[in-house]
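Contents: one structure, followed by commentary.
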Amino acid sequence: MPGAKQGNIQGATIVDALDTLYIMEMKEEFKEAKEWVEKNLDFNVNAEISVFEVNIRFVGGLLSAYYLSGEEIFRKKAVELGEKLLPAFNTPTGIPWALLNIKSGIGRNWPWASGGSSILAEFGTLHLEFVHLSHLSGNPVFAEKVMNIRKVLNRLDKPEGLYPNYLNPSSGQWGQHHVSIGGLGDSFYEYLLKAWLMSDKTDEEGKKMYYDAVQAIETHLIRKSSGGLTYIAEWKGGLLEHKMGHLTCFAGGMFALGADGAPNDKTGHHIELGAEIARTCHESYDRTSMKLGPEAFRFDGGVEAIATRQNEKYYILRPEVIETYMYMWRLTHDPKYRQWGWEAVEALEKHCRVDGGYSGIRDVYNNQESHDDVQQSFFLSETLKYLYLLFSEDDLLPFEHWVFNTEAHPLPILHKDDRSKEENQK
């Protein structure tokens, strides 16, 4: 009917927080959330959704809830939602649309994206979840869709070995040559490494793509400020913008997680790189009044690790810096990472705690709090989970058995013996 309000999938905060509740042993709340999912989680809505966001928050959240609790409802809902996302791949190349109406199956891209392109961090951040959907449903189509994305990327020429943020799903050609390890690029690189780890280190293609990409990133994007801070710049057609986003701070943890498999004795170097990024991101927090980091910070005009634009001074409860502390702690056990994590806890309690939960902050450099009155679902899914893991023993979700999706949802490593067993049962 004309003018009908467009719906959305309800319950993002509940689904995103399921595994956090389980890990924190909040059994009563988990049971209530499970009952909500059974009764109310409905995907038959006339809504245009972000394929990426629905995948990482809803599919990821449901998969983890299933793997942790064994409750069949979560597996059933995850697979049902996965099937609803499949029409997004109906493009000439199989590179999916960014937006999908889940009732009609009609897809399109963000109107602002370079020449009708799909975005690297969006279509590149489906791999882990879709491999698990095939594993749990016995339907190979999910894994085939994401393997095809790899195939398209592999046959393209990469400028200087870098992956541009924009790829046209009709022509299969790159859009603008912008490269970022922050928003628009970030989790593509994370998922190359984690696909290899999740495959029990059998996905050699993912491994090679990751380490080759890191090599190009080191050559072209990683720089050191005059004050000695290592940062990751943004590349715009060969010109560097000396800005680093809060989102980019996840890369410290990624480099450390990938250190063990690094080629030619580079393990120590990758750990060091992770530690340097962690230090820079800690500085971005430490140089504010509230001891919480801005959305983006710059290294130019004598400024280091400080936001210079008003529209980059906000903090929306993002997890990436704490995520990196957690990885660095697990992989080095240097006590400073727990100390830095505790500074963040104290700042969150002091500045973000409000009657109804936790709120983002409009300007972290101001002494007066101006709350944005939003508690993002990733605050419960990621920020609090990574803090809890930072202060827990290493045997809670150990890295040898679990890989975290980009929304901090733990997915089990598919050990070689598990896979052959599953295939024999089919």
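Placement of Cβ uses the backbone N, Cα and C atoms for every residue, glycine included.
If you take the C-beta of Glu53 (active site, proton donor) and look for same-chain residues 6 or more apart in sequence within under 8 angstroms, you find none. Positions annotated as active site, proton donor by TrEMBL: Glu53 (among others).
Sequence annotations record features per position, and here TrEMBL assigns active site to Asp186 (among others).
Sequence-distant contacts of Cys249 (disulfide bond), defined by Cβ-Cβ distance under 8 angstroms and a gap of at least six in the same chain, are Ile277, Cys281, Ser284, Gly293, Glu320, Val321, Glu323, Thr324. The disulfide bond annotation in TrEMBL covers Cys249-Cys281.
Contacts of Glu295 (active site, proton donor) defined by a Cβ separation under 8 A and a same-chain sequence distance of 6+ are given as Gly245, His246, Ala307, Glu312, Lys313, Tyr314, Tyr315, Ile316, Arg318, in order along the sequence. For Glu295 (among others), the entry in TrEMBL reads active site, proton donor.
The active site annotation in TrEMBL covers Glu320 (among others).
A sphere of 10 angstroms centred on the C-beta of Thr406 (Ca(2+) binding site) encloses 25 other C-beta atoms. The Ca(2+) binding site feature in TrEMBL is assigned to Thr406.
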Using C-alpha atoms only, work out the spacing between Asp186 (active site) and Thr406 (Ca(2+) binding site) and round it to an integer in Å.
10
Cβ neighbours of Glu320 (active site) where a neighbour is any other Cβ within 10 Å:
25
Where's the emptiest Cβ shell within 10 Å among the recorded positions Asp186, Cys281?
Asp186
